[in-house]
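**Q** Let me begin by handing over the structure; questions about it come next.
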Amino acid sequence: MSRLLGGTLERVCKAVLLLCLLHFLVAVILYFDVYAQHLAFFSRFSARGPAHALHPAASSSSSSSNCSRPNATASSSGLPEVPSALPGPTAPTLPPCPDSPPGLVGRLLIEFTSPMPLERVQRENPGVLMGGRYTPPDCTPAQTVAVIIPFRHREHHLRYWLHYLHPILRRQRLRYGVYVINQHGEDTFNRAKLLNVGFLEALKEDAAYDCFIFSDVDLVPMDDRNLYRCGDQPRHFAIAMDKFGFRLPYAGYFGGVSGLSKAQFLRINGFPNEYWGWGGEDDDIFNRISLTGMKISRPDIRIGRYRMIKHDRDKHNEPNPQRFTKIQNTKLTMKRDGIGSVRYQVLEVSRQPLFTNITVDIGRPPSWPPRG
């Protein structure tokens, strides 16, 4: 009996031992499996960073310095691919600038008696960038306008021009730049050739210019509704100057302030280069416009009023004795004399807070009468 009981007890002990061994083996297997999972988790954590491991939803609003993205595609290693360059914030699309700007004043009081230091003008126009560039902050203009001023020894006039014109052009919602083309030396002045130079040099700085306003430095508009824009036809702005009794002096007058699109300017081969001294070039330009089948566009005479800063005639800007003969021959000369034949040398380009000054050597006039 005792032998039978001992055998049974031995079998029970073996069975219990076998169960304990089996339980131990299962526990060991489960332990290593859990350890492997934890190891993989912490490996991903250290590779991606704590913000992505603990708060994956927050990565969608993280700064651009974070390279990972929650929706990035997985690489062969199982980790998200990092883009080579992260896109920056997209600038909002601005609406087109209105045809009739809402901030215009209308008739303006223009006077030239108060001193006008350049520092004051600069303080009054904080939105104008270096070089005289401006872009409206709240709309997209249809044109990019280059304002070209032929210049020599007129610093006093230029300060008044900048004082009045920058606020006007800004209210007109223009994207524009101001270029003062300064003739070097004391030889005879050549207004039209300087305007050709301004056209070319402005395009070198910004090929987007598609409208060109050519303005004498001593003329200021008396109404900001006289919009400095280009249209389907060449535009004459200064149609009623005070020196002419606020009347158009004659039907073909195109002087003072005018505007042409880039295409219109090239169509007439620019302006003549051979008008040295005062007078004649405006009539030649009018002839070029007429000969190419275009017409002059003008504002209402009540809006196209201008005040001129009074001054004596400039030294070395005497009347051109050949002007009447040249005007009669525009048809013969316009193809050879113009933007395609202008020769000059740029001596200095200086970007000032309110304008870009370009000093140029445009050569000397031929002797009168011409030789040969």
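One-based numbering along the chain as shown.
Quick reminder: no glycine exception, Cβ is built from N, Cα and C everywhere.
Straight out of Swiss-Prot:
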type	residues	note
TOPO_DOM	1-15	topological domain 'Cytoplasmic'
TRANSMEM	16-36	transmembrane segment
REGION	56-97	region 'Disordered'
CARBOHYD	Asn66	N-linked glycosylation site
CARBOHYD	Asn71	N-linked glycosylation site
DISULFID	Cys97-Cys139	disulfide bond
BINDING	Pro150, Phe151, Arg152, His153, Arg154, Phe189, Asn190, Arg191, Val217, Asp218, Trp278, His311, Asp312, Arg313	UDP-alpha-D-galactose binding site
DISULFID	Cys211-Cys230	disulfide bond
BINDING	Asp218, His311	Mn(2+) binding site
CARBOHYD	Asn357	N-linked glycosylation site
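Map these features onto the structure and tell me what's around them.
**A** Confidence in the topological domain 'Cytoplasmic' (1-15), given as mean pLDDT, stands at 60.
Around the Cβ of Cys97 (disulfide bond), a 10 Å sphere holds 17 further Cβ atoms from the protein chains shown.
In the three-state DSSP scheme, Asn190 (UDP-alpha-D-galactose binding site) is classed as coil.
Residues within less than 8 Å, Cβ to Cβ, of Cys211 (disulfide bond) and separated from it by at least 6 positions along the same chain comprise Gln143, Thr144, Val145, Ala146, Arg229, Cys230, Gly259, Leu260, Ser261, Lys262.
Taking all protein chains in view, 21 other C-beta atoms sit within 10 angstroms of the C-beta of Asp218 (Mn(2+) binding site).
Of all the Cβ atoms in the protein chains shown, 19 others lie within 10 Å of the Cβ of Asn357 (N-linked glycosylation site).
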**Q** If we check Cα distances from Arg154 (UDP-alpha-D-galactose binding site), which of the recorded positions Cys97, Cys139, Asp218, Asn357 wins as closest?
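**A** Spatially nearest to Arg154 (UDP-alpha-D-galactose binding site) by Cα position is Asp218.
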**Q** Between Asp218 (Mn(2+) binding site) and Cys139 (disulfide bond), how many Å separate their Cα atoms?
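**A** Computed Cα spacing between Asp218 (Mn(2+) binding site) and Cys139 (disulfide bond) is 31 Å.
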**Q** I'm trying to understand the geometry here, so how far is the Cα atom of Trp278 (UDP-alpha-D-galactose binding site) from the Cα atom of Cys97 (disulfide bond), in Å to the nearest whole number?
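**A** So the Cα of Cys97 (disulfide bond) lies 39 Å away from that of Trp278 (UDP-alpha-D-galactose binding site).
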**Q** Compare the Cα of Pro150 (UDP-alpha-D-galactose binding site) against each of the recorded positions Cys97, Cys139, Asn357 and report the nearest.
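**A** Its closest listed neighbour, by Cα, is Asn357.
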**Q** Which chain-mates of Val217 (UDP-alpha-D-galactose binding site) that are at least 6 residues away have a CB under 8 A from its CB, listed by sequence?
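**A** Ile149, Pro150, Phe151, Arg154, His157, Leu158, Trp161, Val180 - these are the non-local Cβ neighbours of Val217 (UDP-alpha-D-galactose binding site), listed in sequence order.
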